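K.L.:
The structure that follows is given in the form of structure tokens.
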Ligand SMILES: Nc1ncnc2c1ncn2[C@@H]1O[C@H](COP(=O)(O)OP(=O)(O)OP(=O)(O)O)[C@@H](O)[C@H]1O
């Protein structure tokens with residue numbers, strides 16, 4: 001059969017490469033298409049060395065040509081990788097901390113802190129070294145969730161400097177703005193004070209070696225978020241939402257804040273919390289109290305990964321109040337849900353680190369409230 005180069009190109013226009021918005025012809029990934037009798041050779045240049053993306057591009061091209069023309073065609077896909085040069089991190093990286101993950105939510109009360117605490121203990125139980133920085137200045141909840149409400153960080157000498165020692169609970173190193181306020185005191189941090197305190201907990205703390213530092217951000221998209229992104233090279237952000245329309249609208253704003261060109265923090269994905277309710281006595285029954293798969297659909301619409309769902313379970317609330325994250329019970333449905341989510345988060349971090357350069361701390365010079373961050 002006579003193969004036409006142009007027809008092949010137009011067929012390839014229907015394929016896009018994971019992580020790139022445009023199709024592979026428009027993005028310039030397809031460099032050349034040659035036909036020799038019943039053989040097609042496609043030269044492709046990818047921007048990422050990730051093996052699964054290479055394999056996917058190869059199989060997508062082969063399958064589509066077989067499907068659209070003939071299964072007898074010999075397809076050869078030559079893949080070259082031209083990864084963009086990795087610039088140096090310009091923000092202050094923290095020695096010893098490999099990945100900083102911001103956990104955020106657009107709306108308050110959707111379970112962002114609960115998800116942070118449970119994700120942290122799950123990652124720790126998988127053998128990772130994990131820290132949590134509770135940056136929720138309006139309602140720091142990590143001290144209660146980790147049962148260390150009465151603890152106060154001590155000062156230790158590291159290389160001649162005195163540093164704050166995080167509190168260790170369930171294998172997770174924790175610092176919280178809550179350690180420095182009394183529980184019944186109304187939080188009256190002004191933006192600059194809070195930013196200064198957070199900077200101390202980040203840079204003047206003895207975190208040691210960590211694979212993951214999870215940042216529990218305040219809800220919304222405010223000053224504190226910008227300050228933290230300005231002072232820290234955040235590896236990626238995770239957005240927590242319930243499936244409810246009002247929460248989703250705010251989650252969307254959260255995702256677009258991270259994705260804004262001036263901020264550019266990779267979004268690792270969305271977690272759906274309170275996805276459905278299952279009564280303990282009827283585990284097969286699922287009630288979609290806040291709507292069904294709203295956050296999953298949002299992830300699809302925004303083309304960001306969906307990291308998993310957590311049901312509404314009484315034990316999650318009780319465990320949070322009692323100070324023992326529910327996911328510590330690994331064989332339970334909650335424990336299993338968090339293992340799945342933690343695996344997906346790790347996978348996304350690995351993929352992100354393979355395919356993108358390190359995040360630069362955002363340089364914001366005009367936003368009110370950010371000038372307090374130490375230069
Ligand atoms: N999946 C769940 N099942 C049952 N209860 C939950 C679940 N997720 C969160 N909760 C409960 O909902 C309440 C709010 O959760 P949490 O404090 O984690 O929310 P948040 O989004 O961090 O709130 P904030 O806006 O204060 O930061 C808590 O009492 C928590 O125990």
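Cβ atoms are placed via backbone N, Cα and C, with glycine included.
TrEMBL does not curate its annotations; it predicts them automatically.
Pulled these features from TrEMBL for this protein:
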type	residues	note
BINDING	106, 107, 108, 109, 110, 111, 112, 113	ATP binding site
DOMAIN	6-66	domain 'MIP18 family-like'
K.L.:
Scan 106, 107, 113 for binding-site residues whose C-beta lands under 6 Å from an atom of ligand 1 and note them, or write none.
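P.N.:
The binding-site residues passing the 6 Å Cβ test are 113.
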K.L.:
Cβ within 8 angstroms of the Cβ centroid of 106, 107, 108, 109, 110, 111, 112, 113: which residues besides those meet this for the ATP site?
P.N.:
105, 219, 240, 241, 242, 247, 273
K.L.:
Rank the binding-site residues 107, 112 by the number of other Cβ atoms within 10 Å of each Cβ, and give the residue at the low end.
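P.N.:
Selected from the binding-site residues 107, 112 on minimum Cβ neighbours within 10 Å: 107.
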K.L.:
Tell me the residue counts in helix, strand and coil for the domain 'MIP18 family-like' (6-66), as DSSP assigns them.
P.N.:
23 helix, 17 strand, 21 coil
K.L.:
Counting across all protein chains shown, how many other Cβ atoms sit within 10 Å of the Cβ of residue 106 (ATP binding site)?
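P.N.:
Taking every protein chain into account, the count is 24.
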K.L.:
Can you count the other CB atoms that lie within 10 A of the CB of residue 111 (ATP binding site)?
P.N.:
23
K.L.:
Measure from the Cβ of residue 113 (ATP binding site) and count the other Cβ atoms within 10 Å, all protein chains considered.
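P.N.:
I count 25 other Cβ atoms within 10 Å of it.
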K.L.:
Over the domain 'MIP18 family-like' (6-66), what is the model's mean pLDDT?
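P.N.:
Over the domain 'MIP18 family-like' (6-66), the predicted model scores a mean pLDDT of 86.
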K.L.:
Please report the number of other Cβ atoms within 10 Å of the Cβ of residue 109 (ATP binding site).
P.N.:
12
